[in-house]
Amino acid sequence: MAKHLFTSESVSEGHPDKIADQISDAVLDAILEQDPKARVACETYVKTGMVLVGGEVTTSAWVDIEEITRKTVREIGYTNSDMGFDADSCAVLNAIGKQSPDINQGVDRSDPAEQGAGDQGLMFGYASNETDVLMPAPITYAHKLVKRQSEVRKDGTLPWLRPDAKSQVTFAYDDGKIIGIDAIVLSTQHREDVTQADLIEAVMETIIKPVLPAQWLNKDTKYFINPTGRFVIGGPVGDCGLTGRKIIVDTYGGMARHGGGAFSGKDPSKVDRSAAYAARYVAKNIVAAGLADRCELQVSYAIGVAEPTSISIETFGTGKVSEEVLIKLVRQHFELRPYGLTAMLDLARPIYQQTAAYGHFGRDIFPWEATDKAEALRADAGL
């Protein structure tokens with residue numbers, strides 16, 4: 001492979017689409033805390049002065065949708081009407097109904113192990129050894145930049161920052177190996193009284209330099225900090241937000257394929273979410289075991305059917321064993337039926353709100369990031 005560039009982007013927790021994702025997952029967590037067997041599909045729409053929460057839920061739990069919504073918005077940092085969006089004054093509309101009984105009869109089984117998939121679909125999981133968290137570097141560092149923006153905003157280091165922000169990082173590769181960072185874009189909402197010069201200096205010294213490894217930066221690296229020159233109007237005032245619109249930010253930054261299904265607001269019976277987590281778990285363990293430098297796994301399902309309709313693996317020429325052997329090892333060591341993968345990763349619990357900003361993958365706080373199968377995989381592969 002010749003020299004090439006690859007770019008990924010991320011957005012902060014205050015981005016309108018991420019506000020929506022976090023509200024949807026906060027509602028999901030509140031329900032799962034009371035009823036781990038609940039069926040939840042929660043969608044959120046945010047715009048100036050209002051939040052609409054809708055979807056389908058089947059549960060014995062009762063949760064206060066309005067209070068959950070306000071608390072989530074408050075924690076993100078929209079606490080002042082000057083921003084055009086305020087946790088205490090925004091309208092909260094609740095349009096949640098019940099899940100279709102036609103879906104229930106396809107999913108629920110007398111034997112839990114035979115629980116059918118909640119929908120048809122295809123999901124991908126990916127891992128690469130180019131970072132210590134076995135994730136692609138572009139998305140990893142794009143997340144780190146907006147996470148740092150949030151930290152210095154909240155701890156008072158840069159009190160004039162506002163919650164909405166976006167990052168983009170372009171890495172240069174030679175023969176598949178990182179040789180540097182070609183370009184960095186960071187746009188952050190700010191208070192009106194901050195000059196462009198002060199903002200550029202503060203972002204460079206307080207956000208970019210502490211996050212990006214110095215050995216990847218050079219005299220040719222290009223920096224674009226608030227390139228429009230002004231970012232005062234942001235959040236839901238600037239753009240409406242909707243659950244599930246940042247699926248590439250949520251996963252691998254475009255480095256791997258995506259089946260199209262969003263994650264936030266969905267309980268683990270929805271394989272869009274749970275099987276994508278399981279696929280990441282499988283791919284990460286294959287790479288951690290040294291069976292490949294890069295691994296992408298696809299799994300697919302039919303609604304109401306427990307067994308996956310297909311499993312396939314791509315190692316991009318980096319595999320130490322054949323892909324047929326890898327698939328056999330996957331079937332031997334991992335449970336990919338909906339009930340089994342939920343149990344394998346302990347997914348029927350309130351862990352989802354923290355996934356809804358800064359990436360679902362590459363953070364060791366989540367069970368699908370464990371590499372506890374790597375040793376057994378390596379042994380059974382004969383390496």
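Every residue, even glycine, has its Cβ placed from backbone N, Cα and C.
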Handout entry: Listed in Swiss-Prot for the ATP site shared with D164, A165, K166, R230, F231, D239, R245, K246, A262, K266, one of H15, H360
Key = H15
Problem - Among the ATP-binding set H15, D164, A165, K166, R230, F231, D239, R245, K246, A262, K266, as the record gives it, the longest Cα-Cα distance in Å - result: 36
Practice task
Could you round the CA separation between D239 (ATP binding site) and E56 (L-methionine binding site) to a whole angstrom and send it over?
Solution key: 25
Problem - Reduced DSSP assignment, E56 (L-methionine binding site) - result: strand
Handout entry: For K246 (ATP binding site), the one of D17, E43, E56, K270 that lies nearest, given that the binding-site residues are compared by Cα
Key = D17
Practice task
Work through the binding-site residues one by one (H15, D17, E43) and name whichever has its CA nearest to the CA of E56 (L-methionine binding site).
Solution key: E43
Exercise for the section: May I ask which of the binding-site residues D17, E43, K270 is closest to A165 (ATP binding site) if we compare their C-alpha atoms? Expected result: D17
Fill in the blank from the handout: Most isolated by CB count within 10 A, of the binding-site residues D17, D239, is D239
